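J.: Mind looking over this structure? Questions follow.
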Amino acid sequence: MESLTLQPIARVEGTVNLPGSKSVSNRALLLAALARGTTVLTNLLDSDDVRHMLNALSALGVQYTLSADRTRCEVTGNGGPLRSAAALELFLGNAGTAMRPLAAALCLGSNDIVLTGEPRMKERPIGHLVDALRQGGAQIDCLEQENYPPLRLRGGFQGGNVEVDGSVSSQFLTALLMTAPLAPQDTVIVIKGDLVSKPYIDITLHLMKTFGVEVDNQSYQRFVVRGKQQYQSPGDYLVEGDASSASYFLAAGAIKGGTVKVTGIGRNSVQGDIRFADVLEKMGATVTWGDDFIACTHGELKAVDMDMNHIPDAAMTIATAALFAQGTTTLRNIYNWRVKETDRLFAMATELRKVGAEVEEGEDYIRITPPAKLKYAEIGTYNDHRMAMCFSLVALSDTPVTILDPKCTAKTFPDYFEQLARISTLA
């Protein structure tokens, strides 16, 4: 297996221009495809997940042109639901941001489409979404195991009253919201259980509004969406930088700055993961906010005990930053780590122990006490981009660290390690 050894880093200082947000890129691509008119997306993320969405749209007959660096995409809108005359199978890798929204959108009208992906995708639950779509009239078969992909979709979604469980993934609600305006009837979505990752719903609602559709959001418990609507292209849309990707650089600044500045997001960002910077500030770092940047400067870091449900992806970065904080850090209400690219609670606990931390892994929490001195280790990444990026922070000590399968960062950030090296001074 390929590996990358990072030598100890004495200091980080500099500016990182963030790649486009994965969450925003894939939502914007799908809405542009469904909309009337041509949409030019700029700062689109070039990564595996976005390529899977683009390939799927292409197979569904959507016309688009991509710039050579794949960050500018001109999409000719379909002006309504995506249809395929022939039966079709779409391979979506391990891209949840493609699988979930497409599973809903392709239930409009009458298609015969199979959505499949990598082995890990077949282990990621989608039953709550399938159940909700069936309530709205959709014909869906789970081809291997009930409640998991691959799915066979044969259209039929009408709208109406739909209940969806919000406790596992907000992407199920996102998928329903984006599909509902194109249904023949109005849709009323009622949330069962606690809604996780609420800020990701705000991204969805923001993008729908950008494409001309308003949703009646009743305290995140009930959403009313009028049917028989049409998305309208906004013309040009700039994809903001990826706030989850920003977390590694901001944490590096907190641990070994200097000052590290990330551009492409700022105080008015639509992504909830910018709140990650507040956690670093609470730990003792100095954070500065601009309209299109966030900067973080080193401080003496202290442990925190926090509910991280609102920033599950960025919260992983706090787990490795905790290695540099005084005291025991507890991250709570993170059950949905278990249904991501890998079981992230198990993976994080396992790898933190390798570098010497004392770790308590609960069903929905993790508690981390750093060692007096970090130990050298080879870090398994579980084909999970965030594991690789989180554990790069171990090098901000006097101990090197080896990252196995470093190229797994291609899911969201292909040149992550080059960007980290650019702002680093080795010990």
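Here the Cβ of each residue, glycine as well, is placed from N, Cα and C on the backbone.
Here's the feature list from Swiss-Prot:
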- Asp313: active site, proton acceptor (ACT_SITE)
- Lys22, Ser23, Arg27, Ser169, Ser170, Gln171, Ser197, Asp313, Asn336, Lys340: 3-phosphoshikimate binding site (BINDING)
- Lys22, Gly96, Arg124, Gln171, Arg344, Arg386, Lys411: phosphoenolpyruvate binding site (BINDING)
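Walk me through where these features lie, including what they touch and how far apart they are.
T.: Under DSSP, Asp313 (active site, proton acceptor) is assigned to a helix (H, G or I) in the three-state scheme.
In sequence order, Thr97, Pro101, Thr174, Met178, Ile203, Thr204, Leu207 are the residues near Arg27 (3-phosphoshikimate binding site), counting only same-chain partners six or more apart with C-beta under 8 A. When secondary structure is read from DSSP and collapsed to three states, Arg27 (3-phosphoshikimate binding site) falls in the helix class.
Within its own chain, Lys411 (phosphoenolpyruvate binding site) has Lys22, Ser47, Asp48, Asp49, Asn94, Ala95, Glu341, His385 as residues 6 or more apart in sequence whose C-beta sits under 8 angstroms from its own. Under the three-state DSSP scheme, Lys411 (phosphoenolpyruvate binding site) falls in the helix class.
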J.: Return the count of C-beta atoms lying within 10 angstroms of the C-beta of Arg344 (phosphoenolpyruvate binding site), excluding that atom itself.
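T.: I count 25 other Cβ atoms within 10 Å of it.
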J.: Please determine which of the binding-site residues listed here (Lys22, Arg124, Arg386) has the lowest count of neighbouring CB atoms within 10 Å.
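T.: Ranked by other Cβ atoms within 10 Å, the binding-site residues Lys22, Arg124, Arg386 bottom out at Arg124.
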J.: About how far apart, in whole Å, are the alpha carbons (Cα) of Asp313 (active site, proton acceptor) and Arg386 (phosphoenolpyruvate binding site)?
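T.: Given the Cα positions, Asp313 (active site, proton acceptor) is 8 Å from Arg386 (phosphoenolpyruvate binding site).
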J.: Looking at the binding-site residues Gly96, Arg124, Gln171, Arg344, Arg386, which has the shortest Cα distance to Ser197 (3-phosphoshikimate binding site)?
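T.: Comparing Cα positions, the candidate nearest Ser197 (3-phosphoshikimate binding site) turns out to be Gln171.
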J.: Can you check which residues sit near Gln171 (phosphoenolpyruvate binding site), meaning Cβ under 8 Å from its Cβ, same chain, 6 or more apart in sequence, and list them in order?
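T.: Counting only residues 6 or more apart in sequence, the Cβ neighbours of Gln171 (phosphoenolpyruvate binding site) under 8 Å are Gly96, Thr97, Arg100, Pro101, Leu129, Tyr200.
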J.: Measure from the CA atom of Asn336 (3-phosphoshikimate binding site) to the CA atom of Arg124 (phosphoenolpyruvate binding site) and give the result in Å, rounded to a whole number.
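T.: Rounded to the nearest whole number, the Cα-Cα distance is 11 Å.
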